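Some notes on the structure that comes next.
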Amino acid sequence: MNVNEIIKGPILTEKSYQLMSSGVYSFKVSPKTNRSETKKAVEYIFNVKVEKVNIFTVPKKEKKLGKSKGFTTKYKKALVKLMPGYTINLFEDESPQDQKDSETVSENTEEKAKIAKKKAELEAKNKEIAEKLAKKQAELAKKESETNENQEKKIENQTENQENSAK
């Protein structure tokens with residue numbers, strides 16, 4: 001039997017996750033296979049050393065959906081115990097994604113820090129500009145008041161001169 005045809009796929013249940021921590025992995029295998037073929041297939045596909053293989057057939061079970069009754073298909077299940085120090089990464093697609101996620105999280109925190117720093121710098125510049133504007137406005141207001149006073153004095157002087165010349 002071809003090595004790729006022996007293992008149909010992993011069985012991922014709550015119990016199988018608990019067994020994975022102790023180095024036991026569960027697979028759905030071809031009904032025609034035996035222990036030695038399963039051992040060779042796991043060692044070849046996952047590049048690990050297998051200590052022990054247990055195989056058993058899971059019988060069909062009756063299922064009801066509404067009024068209709070049916071059966072699940074029976075299948076062969078293999079529990080494969082690996083030698084100490086070996087593991088199988090069943091989630092190869094997710095591990096690089098997890099690394100990417102952690103990298104993006106660290107990049108996001110760095111970007112947030114940069115943004116916060118730029119924001120603080122901009123706020124400081126805005127404060128300086130606001131102070132300069134306030135000073136200039138105060139100077140302009142002072143000059144305006146001085147020019148208004150000077151104009152008032154000129155007008156008073158002109159009116160006094162006109163009054164004096166009229167007398």
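Glycine residues also receive a Cβ, built from the backbone N, Cα and C atoms like all the rest.
The feature region 'Large ribosomal subunit protein uL23' is assigned by Swiss-Prot to 1-118, with sequence analysis given as support.
The feature region 'Disordered' is assigned by Swiss-Prot to 91-112 (among others).
Per Swiss-Prot, compositional bias 'Basic and acidic residues' is recorded for 97-112 (among others).
Annotation source Swiss-Prot lists region 'Unknown' at 119-167.
Annotated compositional bias 'Basic and acidic residues' per Swiss-Prot: 137-157 (among others), in sequence order.
Remote same-chain partners of the region 'Disordered' (137-167), defined as residues 6 or more beyond its termini with a Cβ less than 8 Å from a stretch Cβ, are none. The region 'Disordered' annotation in Swiss-Prot covers 137-167 (among others).
Residues annotated as compositional bias 'Polar residues' in Swiss-Prot: 158-167.
Here the compositional bias 'Basic and acidic residues' (137-157) has, by DSSP, the following mix of helix, strand and coil residues: 21 helix, 0 strand, 0 coil. For the region 'Large ribosomal subunit protein uL23' (1-118), the DSSP-based tally of helix, strand and coil residues reads 48 helix, 35 strand, 35 coil.
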